[in-house]
6 protein chains.
Amino acid sequence: MRPSGRKTDQMRKVSFERNVSKHAEGSCLVKFGDTHVLCTASLEDKTPPWLRNTGKGWVTAEYGMLPRATGERMKREAASGKQGGRTLEIQRLIGRSLRAVVDLEALGERQISIDCDVLQADGGTRTASITGAWLALHDCLKWMEARNMVKVERVLKDHVAAISCGIFAAQPVIDLDYLEDSAAETDANFVMTGAGGIVEIQGTAEGKPFSQDEFLTLLDLARNGIASLVDLQKQALG
Amino acid sequence: MRPSGRKTDQMRKVSFERNVSKHAEGSCLVKFGDTHVLCTASLEDKTPPWLRNTGKGWVTAEYGMLPRATGERMKREAASGKQGGRTLEIQRLIGRSLRAVVDLEALGERQISIDCDVLQADGGTRTASITGAWLALHDCLKWMEARNMVKVERVLKDHVAAISCGIFAAQPVIDLDYLEDSAAETDANFVMTGAGGIVEIQGTAEGKPFSQDEFLTLLDLARNGIASLVDLQKQALG
Amino acid sequence: MRPSGRKTDQMRKVSFERNVSKHAEGSCLVKFGDTHVLCTASLEDKTPPWLRNTGKGWVTAEYGMLPRATGERMKREAASGKQGGRTLEIQRLIGRSLRAVVDLEALGERQISIDCDVLQADGGTRTASITGAWLALHDCLKWMEARNMVKVERVLKDHVAAISCGIFAAQPVIDLDYLEDSAAETDANFVMTGAGGIVEIQGTAEGKPFSQDEFLTLLDLARNGIASLVDLQKQALG
Amino acid sequence: MRPSGRKTDQMRKVSFERNVSKHAEGSCLVKFGDTHVLCTASLEDKTPPWLRNTGKGWVTAEYGMLPRATGERMKREAASGKQGGRTLEIQRLIGRSLRAVVDLEALGERQISIDCDVLQADGGTRTASITGAWLALHDCLKWMEARNMVKVERVLKDHVAAISCGIFAAQPVIDLDYLEDSAAETDANFVMTGAGGIVEIQGTAEGKPFSQDEFLTLLDLARNGIASLVDLQKQALG
Amino acid sequence: MRPSGRKTDQMRKVSFERNVSKHAEGSCLVKFGDTHVLCTASLEDKTPPWLRNTGKGWVTAEYGMLPRATGERMKREAASGKQGGRTLEIQRLIGRSLRAVVDLEALGERQISIDCDVLQADGGTRTASITGAWLALHDCLKWMEARNMVKVERVLKDHVAAISCGIFAAQPVIDLDYLEDSAAETDANFVMTGAGGIVEIQGTAEGKPFSQDEFLTLLDLARNGIASLVDLQKQALG
Amino acid sequence: MRPSGRKTDQMRKVSFERNVSKHAEGSCLVKFGDTHVLCTASLEDKTPPWLRNTGKGWVTAEYGMLPRATGERMKREAASGKQGGRTLEIQRLIGRSLRAVVDLEALGERQISIDCDVLQADGGTRTASITGAWLALHDCLKWMEARNMVKVERVLKDHVAAISCGIFAAQPVIDLDYLEDSAAETDANFVMTGAGGIVEIQGTAEGKPFSQDEFLTLLDLARNGIASLVDLQKQALG
């Protein structure tokens, strides 16, 4: 019934490739099926002005898509002179999601900038970004631990991962690809921790409004999917 | 326990003043306590390029805050040369929420632009905007009906209203003001129709992750609050 | 003969509502007939770089129109990414006019930012802005006086108010509304102090050039009108 | 008494050099003492959208200063990404002033763009620009007349010229140079036609407010100065 | 003597991976050592305005670097709101180089947009981009040929490839990596066709000026290197 | 055979007028035939951030064209809100070329900003800019020497000048004017020092690729031309 032939609760093949960047302190190429996102974590000296002399650090994120990551070439945001609303919304979400599992005091007065660049898009780029970014962030903290700057387990309190769910052809399904996403009646994104705490919920009716029961079904699908993603993150850490 | 002395399920005083603009086809000054938003609905000839010759119309929204709507003066977005991520995120939400109850084919190939400008902010500006914008949109459609352009009941399928809920001082509360909002552990916005269908859910853990039970409590609070808002919209229509 | 039925030397009904903003140190909602401008005065810590360590302060102004303040919806300046020439010209005029009656040394090394936002426009928005902004500035200084920061009478040397005059249908008239303004042959704005000193004169031939005599008639109309506005400011102060 | 040793009613040496551009349809290098402005008039096919199919044309102006036209190098506006408020204000004034003596219907549905670029500044750049731009516009119309596109005398109804006056060291003086301008108590710009009609008056109190009598003295100075400038324009036309 | 241990005329390992993008009509991941560039070719309906109704097509290019492609994270151009001078210079070069071997009339009134996005940088990103972009362009034309839109051999007249050479530690060397590039006295980029014709030469003295003899040595190195690159392109085509 | 009737190795009439700016520390109006560029050199207090506390100075350049410097009026870059790629490319080239003959340590921690503004364009604006800018820079250093800030001969190590060459109608020619430039098959720019060292070479095939022999012929033409330009610079210095 799903265009891809997947079962309603079946995610696409997910893979993580760590240390893909020669330069970045942490990096991960994450793939959810044909959605491929390159995540890098960069340790930076500067902190945002409002944190100066507070002893606290910051984790922030930027998101971008290569112009031909999509079916039709999109205008390059650098050329059009500004980041669109969707881009800003997604990068704010990534930053919030990661900060939910970071102890900013334990990080100390430093900033880690996460860049999530979509090399190829097939639905679910924001949830893949969050899930891969966690690994890049982890490896950046490992790099810092090796230099006695932080203790990873004090800074990084838990895993965080994310998945999209939606109602497609009247069926609740997990991990929508582009074909499903563009036809879904309801579209929701969930971000949760390894312990199962909810970090962020976003549900949108694309067509007709949805009911609380439908939403709870999506939440259940997401909970299972995110648990699997956290397991995969753990496997990737070896 | 709440700074305002309100009960956990008690909203602020809500009022709607219709026809506040000499020029706009529909307008409403909405107040949720000290949060005041001026909503206007403007009928425009043009439609977005992607709808040309489809017979469908469009409803879009823009959001802004006056620089001193807030406790500290903010930089004027027109002067800084771009709308911030928060602004873009909110105006996308307002537009989606209204379109969820509009039959775009029945509207015909026209655009209605909703402007929500916050004259004074005290928390909950996006939910007040959506709730007031529905009335401005309704009155714009009435204006069009009087000119035989549309039938209101064919275009506007239902009410839509929105409220914020959150966990403040470990208690689930409704309709957070600024003091509560800035200290809340979890912050959620809900958009629902008159029939109780869910249009949009956004929940964010500001501090520690929240549980499914906590989230369902917020959803219940919201459901009741939105039902009251819809009643108030009906009273405002007389 | 005037579309509004007013006599040539008759201004529209003018009203001032003080303390309309919960947050601003000074505020005033000024109405010249259907032209409504919300003026706020914000005390800011920062001063412009060129005044640092001079002991002098600064008063500056920003001006904006809500997109549907006008008969046809205008593009939001924040969305188009820059303030237009008319906006910049008006806000420079407001700032100059207010500074003409302020002793910047007595103010001390602080900046007061005046925001004039047009909620509804029907001609004469710049002159209404100046006249209302003076009250917002006054109340901001009162707020500072209550905190022993300044003495109002040392900083604010006089009243300042403004009015437009023009030649409409070959007749010199005062306080043009939009219908008159768009058909006027000559359009002039005058800013004067309570003592009758001239702060700013701007006269423009929209159609054929005007004579010195015509201009002097406009100046007389303006002198009387501004005297009335200063009286109304005094009444508003109680 | 004036830094330059000039009498109060004595303008600087004014010269016009026509046909200084190989490419432009009309051009003039105007010098008011050390203020040098290159004015070009370009005939363009396009008209602004609001004039399409009206049979009317348009005359518009742009103004710029080379970065080192001034005593201290200013940031290049092209590099800072926008034209400042002063630039926009001046170019709007130049355009309005020229249009006051142009019959836009006789011009036909065409646009003439005037560029006034200040090569060297020493006060009075806007008034020199207007005065020189009139010659560039005249020569552009001559070029068009030679191609049977228009009749110059039907399009260009009169001369237009401009001069600054001000109160310097308590004395009304004409044609202020930079030293005078930066110390003037009152600063005014006048634009008049060859027939003596007033096109634009701008008077600003830089320090204390000015009186009506003072203003009339400045207006008299300007009237005489502009009459001389018109004579010089006529001589330049030969 | 070279930091990498390479001989003066030894290029880094070069590889091409074709068809790396699910969406693009042509794509190639090119690696010159640790410099990795993702090149996509997108067929677009639109042509630039100046080519409308000429029967000719266009090939254009855009270039970007991921923020952490480099040793230190660079500001994202989309976030800073404009493309820097270096970016614009490089993408103009890529476009010119490709057009040198394309028959724009045989292409027909279509545009092919090449995007070169640097995933990882280690010197020579512009020359790697050109060399990889040629393959993406080739495969896009193949895609079009399969749809009877063009004949590849009529549109694509020859190979084009590029290499950097420079004088490092007083020695002429080929294919500088970042360490060499940042210390080179002279830096030159060469673009040539498969037939050995020169398309573009850029030579810059970073320290002291260079002599004609030195330049000719670099040109010889480049000629050999580019011949090898063209061989590798042919192998990649199979 | 050349449209201008010049011989293949004949440059246009070149002239330099020094001290054309009342304000700039150094200035030169350079003319290569109908190409006229005003070059000013401005001594500035500030240095770029990356040079702070290094003891080194900086020489930078900005380039612009007046809108009607060209045959058709171009959009003013300040009005369009950004400098185009061609502008950025040229001003980077001018800056690099001048720095090649400047000892930045001997300059001390100061910046000299060169502005090259094209008053009239007829091909070769970038090479005329470099050649004239050298004189402006020289005179700025002389101005500094007169104030005991630097020794000219320690800072300015040599002359620098530039010329364009190209293949026009199958003939290698020097100093192309606009007619030749727009029809040239190959276009090259050369920057050399007084001692004959090469600072910059840029060669571009506009149509078919060029051969090494063709390129060497252009290089010979350039060498002779630049030697003449250096002689003319020396004459201009008297």
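Going from the start of the chain as shown, residues are counted 1 onward.
Glycine is treated like the rest: Cβ placed from N, Cα and C.
All TrEMBL annotations are machine predictions without curation.
All chains included, 24 other C-beta atoms sit within 10 angstroms of the C-beta of B:R126 (phosphate binding site). Per TrEMBL, the feature phosphate binding site maps to B:R86, B:G124, B:T125, B:R126.
Marked as domain 'Exoribonuclease phosphorolytic' by TrEMBL: B:10-140 (among others).
Per-residue pLDDT, averaged across the domain 'Exoribonuclease phosphorolytic' (B:160-224), gives 96. According to TrEMBL, the domain 'Exoribonuclease phosphorolytic' annotation covers B:160-224 (among others).
For B:R86 (phosphate binding site), the Cβ neighbour count at a 10 Å cut-off comes to 14, with all displayed protein chains included. Residues within less than 8 Å, Cβ to Cβ, of B:T125 (phosphate binding site) and separated from it by at least 6 positions along the same chain comprise B:T35, B:V37, B:M65, B:I90, B:V118.
Take the mean position of the Cβ atoms of B:R86, B:G124, B:T125, B:R126, the recorded phosphate site; other residues of that chain with a Cβ within 8 Å of it are B:Y63, B:I90, B:V118, B:A121, B:G123, B:T127, B:A128, B:S129.
A simple way to gauge crowding: the CB of B:G124 (phosphate binding site) has 27 other CB atoms within 10 angstroms, across all the protein chains here.
Per DSSP, the secondary structure of the domain 'Exoribonuclease phosphorolytic' (B:160-224) breaks down as 19 helix, 30 strand, 16 coil. Secondary structure counts, DSSP: the domain 'Exoribonuclease phosphorolytic' (B:10-140) has 42 helix, 41 strand, 48 coil.
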